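Enquirer: Sharing a structure, written as structure tokens. Questions coming.
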Amino acid sequence: MNAVSSFFHGIGDRFRALPRWAKIVLAIAAAVIVYLLPIINPPLITTTDSDFGAVLFLCALYALVAIGLNIVIGYAGLLDLGYIGFFAIGAFTVGILGSNHAKLPLLLCIPIAMVVTLVSGIVLGAPTLRVRGDYLAIVTLGFGEIVRLILVNADSLTGGSRGISNIPTPPDLDLFGIPHLVWDGFVAKVDLSNQTRFLQFGVTDSIPYYWLALTLVFIVLFLDWRMQNSRVGRAWEATREDEDAAELMGVPTFRFKLLAFATGAAIGGLSGALFATKQQFINPDNFTILYSVLFVAMVVVGGQGNRWGVVVAAALLTWAPEKFRFLADARFLLFGLALMALAIFRPQGLMPPRRSVRAKKAAEQEPDQLDVEGAARV
Amino acid sequence: MDLLLNHFWEFTITGLAFGAVYALIALGYTLVYGVLRLINFAHSEVFMWGSFAAVWVLTALGASKASGLGVVGFLVIGFAAAMVTSALVALGLEFVAYRPLRKRNSPPLIALISAIGASFVLSEAMGLRDKPFKWFGLDTDLASYVGRPREASPLPLNIDTVRLFRVFDYRVSNIDLIVLGSAIVMMVILDQFVKRSRLGRGIRAVAQDPEAAALMGVNRDRVIRLTFVIGGAMAGAAAMMYLLKIGVTRYNAGFLLGVKAFTAAVLGGIGNLRGALLGGFVLGVAESYGSAIFGSNWKDVVAFTLLVVILLFRPTGLLGESLGKARA
């Protein structure tokens, strides 16, 4: 039952035990491999039915979304079922400012999109974070749907159901070309005719967008790590575990919940902006409530509160349906079955954070037999 | 605004009819929430399965040729088929998706994930219903049941709209009357059942304090099964009314309706039966007025905005929580 998490935690422990130089080398090697994935096109992993670069871009994009939502659900314990609303606001801010009503460059649009979503997170959160958990879930669900309906109906601003096209792309560098690998069985060949121009953002090649998204994932992961290990992260955890006790200990819980909500919203906005610039065309159909549900599923499958867990789960849940395209018709059915099986057999997610594993172990022991040393280590 | 004032009663009665559908579905949410403290996210699919059961049974009986008194008979059969099927689906849902979790004392969020999964499974199974029959080569024979599974299926019953009497300027049709009348009958029966019968007392006891109820000899598992069956049957009735009002159903018809019905339950105070009814009617009427004032595109925006506004000023809903005790 715990084989999966002990496997991942085993990897984590081994990694931690290594000397510092080895850690750095390993981390860099892993990062390089991840960056080069679409170039290497590894057999068995690569998707045959759809463009592998585009699939990887979506994996990285949804990983970003999952990191943002993990702050809201995993750290602060607020069930947000309307996360797609922030994603949509981010995407449409870029669309409106970059194409529909002004021609601002993308690098200016993205920060504006983040600010707009941050503000909308505060505007939505300030009144609703005072209500109970279940209600918050349904209010956010309503919010996600309101955003979509406004996008459909506010024709003059958003283009309505026709959507927005010609969304600006990031500035090109175009330094050199990188040839792809092609595989004949398990033998690799370099395919010089098929090259990715290093940093030319266009419609034909998704790989530069993948690199951009991946870089943002790493940056946000780093900030996320710094934030969780700070006073803020501890305040979130205390609020999640027992709001009253946290309040008594002097944690301004409401303000920290709002902070989590707004931070999550801003990351959602960033991912939406990224989505918009990659697609170059968006319409409200890209932002249905189904995605909110999918995002929550990513966080829960990954193990709420574990940033690597949710990243892996997001990538897995995005990649699997593309890989198994031949099941295309039945994939939502299988997805539903998988969610049910997960809830029944592995409710803590694939990779629960270690702290919650330890807490569960401690809770299972009788209070009078509590392993004092173990408790002290916690 | 003029539109609303000129056709005030038309919008009111249409709103009430849709409100009745919302209210009956909301009852399922509110019952399960009261007893289990759980958002039964898959309840909307229970509704959807009920609507298909009605369509299939009436197709099988050749209801489209009926006229006169025969239509009334088929109406009753349609209601019965939808209610029985929905109740069975709800029971199965409880058995597969919720009971294993309860045995393990899972946190509520996990139950919600299981419910989301079950919701996907139920709706996609309906959307893929031609596949298993294709394996046996039966899909052409059964085309009127399983053909074009992603398209809308119409209710095979011809009911002529007859305007019966006037309420001020609006002439109430027979369909409005059937929908509202049967909804009110269901609601009264349910309300009295929960209030007066032994089983109803069991439901209230478990909602109030599961442990004390168990100590007093209430079989908690049986009560939970019962709430799912009752909620399912109400959703089935709502499904038949929906078919009468809209005329068609689809494999994904449940979702938006489910969200709205849940909104209605929260609006009235979740866990509170009469609250769910009130919430349903308020939501239906508000939506109807909203579509008159802002245009029908904005109907759903009005519904959700109303929810947000009410929760801000009355976080426990219009009537508060009372099936069990209000949770802090």
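Positions of Cβ are set from backbone N, Cα and C atoms, glycine also.
This is the feature table in TrEMBL:
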type: TRANSMEM; residues: A:21-40; note: transmembrane segment
type: TRANSMEM; residues: A:52-73; note: transmembrane segment
type: TRANSMEM; residues: A:80-98; note: transmembrane segment
type: TRANSMEM; residues: A:104-126; note: transmembrane segment
type: TRANSMEM; residues: A:207-225; note: transmembrane segment
type: TRANSMEM; residues: A:258-277; note: transmembrane segment
type: TRANSMEM; residues: A:289-319; note: transmembrane segment
type: TRANSMEM; residues: A:326-345; note: transmembrane segment
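Context for these features, please: burial, neighbours, distances.
Expert: A Cβ distance under 8 Å defines the sequence-distant neighbours of the transmembrane segment (A:21-40), meaning residues of its chain 6+ beyond its ends; these are 15, 52-53, 56, 178-181, 188, 196, 206-207, 210-211, 214, 218.
Long-range contacts of the transmembrane segment (A:52-73) within the same chain: residues 37-38, 41, 46, 79-80, 83, 87, 196, 205-207, 209-210, 213-214, 216-217, 220-221, 224, 227, 236, 260-261, 263-268, 270-271, 274-275, 278, 295-296, 298-300, 302, 304-307, 310-311, 313-315, 317-319, 322, each at least 6 residues beyond the stretch ends and with a Cβ under 8 Å from a Cβ of the stretch.
Panel annotation: around the transmembrane segment (A:80-98), residues 65, 68-69, 72-73, 104-106, 108-110, 112-114, 116-117, 120-121, 136-148, 151, 157-159, 163-164, 167-168, 261, 264-265, 268-273, 275-277, 282, 284, 286-289, 291-293, 295-296 of the same chain, lying at least six beyond its termini, place a Cβ under 8 Å from a Cβ of the stretch.
Same-chain residues lying 6+ beyond the ends of the transmembrane segment (A:258-277) with a Cβ under 8 Å from its Cβ atoms: 61-62, 64-65, 67-69, 71-72, 75-76, 78, 80, 83, 86-95, 98, 106, 109-110, 113-118, 120-122, 124-126, 129, 167-170, 201, 209, 212-213, 216, 220, 227, 232, 236, 286.
Beyond its flanks by at least six residues, the transmembrane segment (A:326-345) meets 1, 49, 297, 300-301, 317 of its own chain at Cβ-Cβ distances under 8 Å.
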Enquirer: Let me spell it out: take the transmembrane segment (A:289-319), skip the flanking residues so only those 6+ beyond its ends count, and list any with a Cβ under 8 Å from a Cβ in it.
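Expert: Residues 5, 8, 47, 55, 58-60, 62-63, 65-67, 69-70, 73-75, 79-85, 87, 141, 144-145, 148, 217, 221, 224-225, 228, 335, 339, 342, 348-353, 355-356.
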